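One structure is given below, encoded as structure tokens.
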């Protein structure tokens, strides 16, 4: 299916074409409890940039079909898709089905641009209208699966069943139990011979809603208000347009993202998407909630998926899934970036975490000592305590060793601490021992665990009374910027170094590797401040 083959799209709805690289429509679900509330929401949807609205009649507290539909359809500021979803298909309506279908027929007669009819009752609905419907009106026949995402073969059969009803537009919504379910949804869009809406619901299906615009989806849904959604995992109109640049996505847009779990807190999409846009780079950067790295890489083997950043807890698994690994990443035992080499499609792993963190720590130590940047590293000879032996811990331990520091690794599991310490010629202790660890004053502390990260902002990896032994405390967490650990370190007189500095410095390097362009450093810094 080519994008140009889809009838009744942007041009038909008189949407200015300037700057658009796809014909996917942005539809805002309207779920007011009264007609007046719905009209207010429709106006808000138009102001935010939606192309049409889905009028969810099943949310109305009281509904007089003829009167209410006439007002809604006549006064709507945007084209309308009328849906009256029953409980048995995930909606709110619990009454008699024949009355519900009567209301949808009436909506067609009164000028709705689209009506949505569930596959289970589609035959009955088409029989009842006997082929008579306004010429411009389109009937969407939909199927919603709240349990899983079926196999590609089953999805293909489902599309055929929906097409056989006489649907103008096919709609399939499944549930993503794993992010590796989404490529099957992209396959539906890429191979469909008729206008098709296909999305995977849930947080693991988010990318299917955004990349619908790349793969030729007829429309995608965006919430008027973040969090007030008609289905799980629905992004807001604002995020679709401003964060993900939905209108600029095309069939040749290259896909990047950050792999982690959890991932909703990540600021990376804000930084990279703004930076891509500023240099006119045809790419998108997505939050990727990944449960299993190997499954993800197997599922996303297409050349369109060109590179990823890695965050907690997948930096080490990422390394194991690379075809080739940069020597520094190999020494650290973890990656922070993976790029698909265009010549042969092989996945190459890099680690740039330590560059950002060590540079920020050195800068802060020099500033406190009044030392010149040209002198040897202020870390040389320092006792450098790393909390955590995962990917970020390995990067910091390796970076500190390179600068001549004496490294101590503290970890919940002593064996993991010992394994890392042996690689950097350091000492291993347990987290329980760290509280009373005090061989000398003026040590440097680096937390690389997620303890204290949103939403658990009241937690800290080390009590305040133990922090006075350190001259500087670094926290790799950047949400929130000022963690409890850093706040308490400041209170006892230690220099705090924010995780944002590590994040920013490595973002510059990753951006250049992804795009081949120099990083717009000030824009990236400004974007992080704006979104912190």
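Residue positions begin at 1 at the first shown residue.
The backbone N, Cα and C atoms fix where each Cβ goes, glycine too.
Features as listed in TrEMBL:
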- 258-335: domain 'Shikimate dehydrogenase substrate binding N-terminal' (DOMAIN)
- 379-449: domain 'Quinate/shikimate 5-dehydrogenase/glutamyl-tRNA reductase' (DOMAIN)
- 499-528: domain 'SDH C-terminal' (DOMAIN)
Counts by DSSP class (helix H/G/I, strand E/B, coil) across the domain 'Quinate/shikimate 5-dehydrogenase/glutamyl-tRNA reductase' (379-449): 26 helix, 20 strand, 25 coil
Could you give the mean pLDDT over the domain 'Shikimate dehydrogenase substrate binding N-terminal' (258-335), rounded to a whole number? 95
Helix, strand and coil residues within the domain 'SDH C-terminal' (499-528) as assigned by DSSP: 25 helix, 0 strand, 5 coil
